[in-house]
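**Q** One structure follows; several queries about it will come next.
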């Protein structure tokens with residue numbers, strides 16, 4: 001019987017390495033796909049490992065700039081913080097991985113794609129809904145969800161089939177990382193009362209180890225896009241990397257979060273997002289300077305919905321596309337400079353300026369340079385308060401009667 005082709009999202013870890021052998025037993029030829037999202041892995045090694053385990057072909061694609069410009073940028077402009085805390089580190093990368101899986105599957109004539117997600121996480125939903133949106137005719141295989149092995153059984157299978165066991169297998173943590181940040185769960189972190197050990201962190205310093213003097217960064221934006229750091233222009237992916245180092249050194253972006261997963265359970269995760277939290281903070285302050293009141297007050301409602309859609313795996317949904325169009329319209333005048341102080345875990349905005357600033361000092365000042373028409377306030381208050389006044393008059397008459 002002729003073998004079918006499957007494209008596997010391959011990380012180089014135990015689960016997806018074992019999945020190659022498992023899929024071979026199901027009569028598939030496996031094409032491994034590894035994406036460089038800025039996580040810092042030795043991806044050339046990962047690519048070769050897939051071939052050594054049994055893949056017939058192995059792709060390694062650098063998608064850092066695409067991830068930064070088409071995914072992280074939207075998240076920053078929408079100030080996406082799930083449940084007010086989590087900047088959607090993993091949730092942002094899943095639709096891009098799904099997109100590349102579909103592209104390679106179509107290019108290679110594969111009938112299926114596969115991922116290494118378990119049956120109790122959010123990522124299985126994000127991958128499969130995204131794949132269905134992009135190509136509803138592809139079969140989606142989830143080996144880890146299907147085989148239901150314990151960790152010990154999986155290791156035994158790997159040894160029986162000469163699958164290399166990762167040297168970090170004894171680590172209790174499950175880690176996912178990209179340009180936008182790093183997520184960490186499992187091990188002692190599963191106890192919400194336990195303090196995260198310092199070895200749970202990699203991108204940020206503990207507060208007691210951070211510098212005792214603040215560092216200042218000036219972030220330049222053009223139409224809502226971060227373009228410069230301290231006067232130096234960077235591609236967005238490089239700007240994020242550079243800011244991760246600046247802000248991480250000062251302990252910015254550590255997040256300890258018990259979140260409500262899409263699949264109905266609560267999970268405790270630790271995140272490190274130094275650049276993401278700094279950029280979201282700075283961008284919001286520049287919007288406060290450049291957006292009219294009505295847009296500034298309405299936009300958070302759209303932001304919350306965008307955040308939910310991304311978290312829930314609906315990146316390619318019609319509603320998300322429509323809300324993205326609104327978001328892009330709001331960014332036209334979000335151009336300027338924001339000065340941020342990085343110190344002891346905080347990113348504090350200390351200055352902002354823009355050629356599109358709607359702040360008029362002559363109207364805001366209480367000095368002799370004040371140009372605000374104080375006399376206009378009397379008529380404004382009378383008209384603004386008229387409905388309340390009439391309501392009160394009518395109801396007081398009824399009480400008196």
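Each Cβ is built from the backbone N, Cα and C atoms, and glycine gets one as well.
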**Q** According to Swiss-Prot, 86, 122, 126, 174, 259, 271 bind L-citrulline; identify which of 93, 183 is listed for that same site.
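**A** L-citrulline site check in Swiss-Prot: besides 86, 122, 126, 174, 259, 271, the record includes 183 out of 93, 183.
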**Q** Per Swiss-Prot, what member of 84, 109, 116, 119 joins 9, 10, 11, 12, 13, 14, 15, 16, 17 in binding ATP at one site?
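**A** As annotated by Swiss-Prot, 9, 10, 11, 12, 13, 14, 15, 16, 17 share the ATP site with 116, chosen from 84, 109, 116, 119.
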**Q** Specify all same-chain residues, apart from the site residues 9, 10, 11, 12, 13, 14, 15, 16, 17, 116, whose Cβ lies within 8 angstroms of the center of the Cβ atoms of the ATP site, ordered by sequence.
**A** 18, 19
**Q** Around the L-aspartate site (118, 122, 123), what further same-chain residues have their C-beta within 8 angstroms of the site's C-beta centre?
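**A** Checked against the 8 Å cutoff, the neighbours are 117, 120, 121, 124, 125, 126, 263.
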**Q** Compared by Cα position, which of the binding-site residues 9, 15, 17 is the closest one to residue 126 (L-citrulline binding site)?
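**A** Going through 9, 15, 17 one by one, the Cα closest to that of residue 126 (L-citrulline binding site) is 9.
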**Q** Going by DSSP, give the three-state secondary structure for residue 259 (L-citrulline binding site).
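**A** The three-state answer is strand.
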**Q** Could you tell me the C-alpha distance between residue 174 (L-citrulline binding site) and residue 13 (ATP binding site) in angstrom, no decimals?
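**A** On Cα coordinates alone, these residues lie 11 Å apart.
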**Q** Around residue 126 (L-citrulline binding site), how many other CB atoms lie within 10 A of its CB?
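**A** For residue 126 (L-citrulline binding site), the count of other Cβ atoms within 10 Å is 27.
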